[in-house]
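Listed in TrEMBL:
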TRANSMEM  48-66  transmembrane segment
DOMAIN    52-538  domain 'K+ potassium transporter integral membrane'
TRANSMEM  86-107  transmembrane segment
TRANSMEM  175-198  transmembrane segment
TRANSMEM  218-236  transmembrane segment
TRANSMEM  243-264  transmembrane segment
TRANSMEM  317-342  transmembrane segment
TRANSMEM  410-432  transmembrane segment
TRANSMEM  444-464  transmembrane segment
TRANSMEM  471-489  transmembrane segment
TRANSMEM  501-522  transmembrane segment
TRANSMEM  534-557  transmembrane segment
DOMAIN    551-789  domain 'K+ potassium transporter C-terminal'
TRANSMEM  577-595  transmembrane segment
């Protein structure tokens, strides 16, 4: 199988070998289409769709549904003077809900999903597949043949092709795109901190309605206790209590819709004229100084919309569309309209209009349901934060942290202990520090509108490259979105000194962490690329590699999918011996949500057979997780034996680094071997091997090894299998490179602080690869290097 990676520096040396490699390494259209048939989007029956729509209420819409608890208080923090103000604000809420959550997200943005995955990084992964905009240049042709690696082809003079060339033209454009993605990601993390704070504090405020003499500190203490309990329960996962979420949130929506309907009938049905958009213009025409700043409060009516997109992975798009249009949207409209009717008759009750508008007979049941709904809303954003950080981690933008599965049924349900406690501390600090909904609302609105703006800007290249939309449709989408979002953005920025600085500080802190980590990760990869050793040098050492080959198997971990890593030459020039079998292991994360298990591993031989050198590339998506019960070492050994056995079944092969055996029967042979292995109860650990295949056999002589092909072709599979088993029994050693990155002495103060202190501190905190892959400590060997940037 051909795995030769063509980098920018390598393309200058193209010759006959490169041309032959390109002729042999053709896309496997027929095999890929057969695999894709296995992963097509499932067709759902009508009853199943309705059930999924019901379940989505508890996961997706909790945050959006609890907004009526605090919206009107944040619009009118100093009270209401005129009925027209209430009607104008209600009209703004109605049409904001219509244009942003309904029109923009539910019917447009949700379609821009990465095989069901939503969020900022899902959009970025789509763009990375359709254009070479990734800042880590580790893309390889074989990655594009994955089932989940869907991409488009473009006509040379089409608009999409021109946009693609423009994005790929300069490195600064790729960096600007990455910065935009990181800004959206960091502010989304801020949502995970502010949502629990404002939702729980607003729900807890219902205690004071029945006892006006109660101190605000009591409400804050109750909110903090609920928050501590919420974060302490995270390690159980939402699967344990998730069965309660959907019925609870449905009951909440029915409750707020019914209360709103009663209030419209009971207090002031004239508020229904707010459905006429003319009252929006009349609202702004009044010219009061508070009108513009009140937009920050109106913005809170659509909080949770971005979480709706980020939590998309659990449900099909159609189920979410059904739930929103049939339940969420009408109930929210009734709730806000009913509150407005109550406020017009009770202008002095705007601070706690929701609780005061509840009929006395059902007050305490409504309070309990509101508190539980706030907890559910907080849970949704906390889970979304975990998913966002996991995606950033996989794409090289966040330090390696411990990721724990909380459900065997739902792979998307994860728990990150370190991040959980950081969120809890920050959330409690925000709640106890501000003590009121108004300032937290200012901060919350700022975070929400920034994330929405980032999504809008990322949708433009997605619509052009992925959807191939006409430029007029793209312009219409952009203009309509910015017409609504930019005024809200300016209104929220004006409140930076009133609490809006909180999400900015949180976002800047996480942005520095992510950008510094990604910058040093890219530099480490570039160092690996520039310092890799040529195969000619390895072949020149001979089968013994110029050293003593001791019994055993050595797994050399590297970030390179081709070439011999520098740590290997560093190792063999400083130690007098190397193992009889050497396997270069590259763990690679791709811009896809998952790599199907049977396509995850690629194995090939490097050099002649008697060198006993191999390469294994393990490919993962940003949703794939290394499980603790997974024995990575055993998986590698099993794949090595399967590869050698399949190689012996081929009629012709090449033994140089640039070529591997290719045969159309490889797929069938692999499945037969996996089935045979399954009989011995090891199917789960070896079921993800994949091979390239071709329609014809192309024997080739290695230009470096002469007639070594003839010399070693007589070695049978049984002999090499026995040899590998003896080496396995002798011992396995995992050789990891420990590249220390430091700034040069002549570097500026910013680079020195970022690299020598920030990155060094993060490296000490993050998990090592040996922990992630469950490498036994007694089998671990670290090879240290220092790289100056």
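Cβ from N, Cα, C; glycine included.
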Exercise. Tell me, roughly as an integer, the mean pLDDT over the domain 'K+ potassium transporter C-terminal' (551-789).
Key: 68
Quiz item: With pairs closer than 6 in sequence left out, are the transmembrane segment (48-66) and the transmembrane segment (410-432) joined by 3 or more CB pairs under 8 Å?
Solution: no
Self-check item: Same-chain residues near the transmembrane segment (243-264), Cβ under 8 Å, at least 6 residues beyond its ends
Solution: 54-59, 61-62, 65-66, 68, 271-272, 327-328, 330-339, 341-342, 357-359, 366, 369-370, 372-373, 376, 379
Quiz prompt | Ranked first among 48-66, 175-198, 218-236, 317-342, 444-464 for CB pairs under 8 angstroms with the transmembrane segment (471-489) | solution = 444-464
Practice problem: Quickly jot the same-chain residues contacting the transmembrane segment (218-236) by Cβ under 8 Å, restricted to those at least six beyond its ends, or write none. | Solution: 196-197, 200-201, 203-205, 207-208, 371, 375, 378-379, 382, 404, 406, 415, 417, 420-421, 423-424, 427-428, 431-432, 435
Quiz item: Is the transmembrane segment (175-198) packed against any residues at least 6 beyond its ends, judged by a Cβ distance under 8 Å, and which are they?
Solution: 63, 70, 119-121, 123-124, 127, 133, 135, 167, 223, 227, 230, 303-304, 306-307, 310, 377-378, 381-382, 384-385, 388-389, 392, 397, 423, 426-427, 430-431, 434, 437, 440-441, 443-444, 447-448, 450-451, 454-455, 457-458, 502-503, 506-508, 510-511, 514-515, 518
Quiz item: Taking residues 6+ outside the transmembrane segment (577-595), which of them lie with a CB under 8 Å of any CB in it?
Solution: 114-117, 122, 124-126, 128-129, 134, 138, 143, 146, 148-149, 313, 394-396, 545, 547-561, 564-565, 568, 571, 606, 612-624, 636, 640, 723-724, 727, 730, 733, 769, 773
